[in-house]
Amino acid sequence: MGFKNNLSLVSVMVFALILLPMISGQTMQCYSGIACTDDGTCNDYCNPRNNNLGGVCLRRANCCCCYVSVVKSQESSLSKDTNNVFITN
């Protein structure tokens with residue numbers, strides 16, 4: 001009975017860790033099978049993969065989840081076209 005409660009708690013925690021960053025404009029990409037001991041281990045794992053926002057260690061799930069920003073800069077959506085068109089009558 002205790003194992004089932006612990007498993008449910010871990011499932012809810014993993015779900016919350018994935019859902020909350022999505023609401024704030026971030027998402028997470030999780031990598032299973034990573035033997036992590038703390039968040040620093042996951043930061044070292046995430047940074048070379050262009051996940052500069054870091055990551056979190058889910059020890060019980062044996063995985064690292066890296067924060068991935070999904071909000072794009074407004075500047076990148078602007079047109080870079082600098083051609084001026086003059087219309088004369």
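Note: Cβ is positioned from N, Cα and C throughout, glycine not excepted.
In Swiss-Prot this protein carries:
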- 1-25: signal peptide (SIGNAL)
- Cys30-Cys66: disulfide bond (DISULFID)
- Cys36-Cys57: disulfide bond (DISULFID)
- Cys42-Cys64: disulfide bond (DISULFID)
- Cys46-Cys65: disulfide bond (DISULFID)
Message: Given a separation of at least six residues and a C-beta threshold under 8 Å, show me what packs close to Cys66 (disulfide bond) in the same chain.
response: Met28, Gln29, Cys30, Tyr31, Cys42, Tyr45, Cys46, Arg49, Asn51, Leu53, Gly54, Gly55
- prompt: Could you state the CA-to-CA distance between Cys57 (disulfide bond) and Cys65 (disulfide bond) to the nearest Å?
  reply: 7
Query: Within 10 Å of the Cβ of Cys46 (disulfide bond), how many other Cβ atoms can be counted across all chains shown?
result: 25
Whole-number Å value for how far Cys36 (disulfide bond) lies from Cys65 (disulfide bond) (Cα to Cα): 11
- prompt: To the nearest whole angstrom, what is the C-alpha distance linking Cys36 (disulfide bond) and Cys64 (disulfide bond)?
  reply: 7
- request: Go through Cys57, Cys64, the listed disulfide-bonded residues, and name the one with the sparsest Cβ surroundings, counting other Cβ atoms within 10 Å.
  value: Cys57
Query: According to DSSP, which kind of secondary structure is Cys36 (disulfide bond) found in, if we only use helix, strand and coil?
result: coil
